[in-house]
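Visitor: Structure in structure tokens, see below.
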């Protein structure tokens, strides 16, 4: 097991380093001058030169990269191109909102996707499967902002049950905070669950053809026992892996949902950075998001290997 | 948004020890006209897709009103006979704008996917066929590129190039390329040691000819399925980037730019967002049906399970 973990980590470290090089080069790939591009017509040559010197962009590339990388190890993401302020504190301030939304979204994804996929797979070919499978395809075809817009129109505009958006920290008012998380998280849950459901369905169908399940039913075990003890338990392992991989989709979807619901998270910060053409902020946030995605999947792989020893081979 | 879906399937498979593989056992089945017509979901998808494409083509020659003309009716008039999908804040006809938007959105999605398919196929073919260090390098690069969530990646590139239809096309092409490369490579690996490829090598056939004549035909059906899937992402991602204000800029209509206008007036004129959104859903649903059907035609084994 330890050997497996070390092997995985040895793959992830160069991957993260390569990502840092790629994103470092990103800023230098701006056609023309990034600062002139950001300032637009207001940028006088003196101002541009001053900002460039101030942000350290006039130094040799290798030196800039070494500095940036050293900063990353200390948790320092560098400074904003636009304001010159440190990026790390701004990002940290946004983390609670984003993490809260991510966790709630995963909760809804599992709540919808796991039972739907399992039931469809267990009763394959019956009416319930024939309803759920096209529903999943419809869900896959709906843009996440569209799901969010529909929720706003129904729950906020028509029924006045929930406000259209906004965020209150959980520590400040837990009940109100969860209430505000409901719509954005539910929209993401609807967005992600069809894919999970499809995978769970396929797994469940496959499990039912496995020897140990056939034998269990030949032994005369109750269908209920087979469902819970044999099928559900084994169908849950893949759920973990799929959720890890879906985190990429979730993080992308969150960028959009945070915008729609005025949710002050990392995604909104990224969009603000992109619109203001603050390339250093965009660079740092893409790196943070990709690193989280890679590291979470490393964790998922390790957990999966622990649950299912065959994976380690 | 959906950019990582297929990635997820592919990556999850070996781990889950699935028997459904991207590369069908015994080779991919050919996609024929009869097969599509005979497959209910593929046919439905093909029809829906054809309708959307037809609307886009018609909009080049005719729309009910000029899509950018102001005051074709009262501002914010809800859907009625004169304006089946209502009007916006300037009294522009939404149906005309959605029709014209179809043109822009489909062009962006199709060009991005075409570019990505070509680039990805070349990378995948060469990496898989040549093997060795080149393959290792290509695989690592693909891994790095796929580590960045698709929409986030695209957003970064659009920020770099400035928001416009062309930037979105370039960004999506760059983001989708790696997926194609990975899938094509996996097919090439699975067929490169087949006897007919070995035989061609033995006969001193040039590598380009082997890739083109012996390997590519095995890649093609899977490539077509992937192109269809990617088209669905393309439409969704164009709309998403537009929604974030990073796509095609108003007043030019694209589905993305219509959605951002709709979002501003969600209270006064919900039909703006609803109309454009519904059209996106129908278009993507059609393409997804088609892609799903084609996948089952190419690999009938997957059909039994999905």
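Cβ coordinates come from backbone N, Cα and C, glycine included.
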Visitor: Looking at B:167-184, B:185-202, B:239-256, which stretch does TrEMBL describe as transmembrane segment?
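Guide: So the range that TrEMBL calls transmembrane segment is B:167-184.
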Visitor: Quick one: find which recorded stretch in B:108-134, B:141-161, B:167-184, B:215-236, B:271-291 has the most Cβ pairs under 8 Å with the transmembrane segment (B:42-62).
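Guide: Most Cβ pairs under 8 Å with the transmembrane segment (B:42-62) come from B:271-291.
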Visitor: Which one, B:141-161, B:167-184, B:271-291, has the most C-beta pairs under 8 Å toward the transmembrane segment (B:108-134)?
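Guide: Stretch with maximum Cβ contacts: B:167-184.
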